[in-house]
Amino acid sequence: MGQKVNPIGLRLGINRNWESRWFPTKANLVENIGEDYKIRAFLKRKLYYAGISQILVERTAKKLRVTVVAARPGIIIGKKGSDVDNLRKELQDLIGKDVNINIKEERKAGASAQLAAESVATQLEKRIAFRRAMKKVIQGAQKAGAKGIKVSVSGRLGGAEMARTEWYLEGRVPLHTLRAKIDYGFAEARTTYGNIGVKVWIFKGEVLHKGMQPEKTEESAPAKKPRRTRRGK
């Protein structure tokens, strides 16, 4: 099951929080979902080169707050915050409501699965070899402190006539372990041969509650002592 479903959705309420945080009623449920989709689609298209790793939408009775977590927040803020003001006005025109925008910096950009997937996609669009792009992202994640990373690319790799899937795995990525903190990202590279899908899973460690023991692996298991030979009578 862990191999098939989205690892973020599988862990909601366990070690992952929702990215849309509000309580709906029957009257505004569809409207709120549509607004969240428009906000995310607009920001990802408008601020693609700022390296957005996460967009949080929070609603209260009268307020709508959007938090953008980006690797390069200076691109969004601009000189003296002028770009943020323009962005706020564009969002207000889009959904017809007052919006507060907060910009946060992604301190560990190398350990963000979404940024890693977008990095591979950008390199593929620049005609860099897919194996080289995958290995570069893996090295960056390991330097950022990731305990494991898996990168998968699917499509007409290298211009081949038949589409295929290639993937690399470094370290551990336990998709079936619900207490494992796993980040997931997806991006598409639009090449002359067609679209290439990029998926990235990054394992950041286990979230242990009181009384829980970490999962033992083959590397961490203690070595068995050699048996003593019995002496003859």
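Residue numbers in this text run from 1 along the chain shown.
Any Cβ shown, glycine's included, is placed from N, Cα and C.
Listed in Swiss-Prot for this protein:
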type     : residues : note
DOMAIN   : 39-107   : domain 'KH type-2'
REGION   : 212-233  : region 'Disordered'
COMPBIAS : 212-222  : compositional bias 'Basic and acidic residues'
COMPBIAS : 224-233  : compositional bias 'Basic residues'
Exercise. For the domain 'KH type-2' (39-107), what's the model's average pLDDT?
Worked result: 90
Exercise. What are the helix, strand and coil residue counts for the domain 'KH type-2' (39-107) according to DSSP?
Worked result: 33 helix, 21 strand, 15 coil
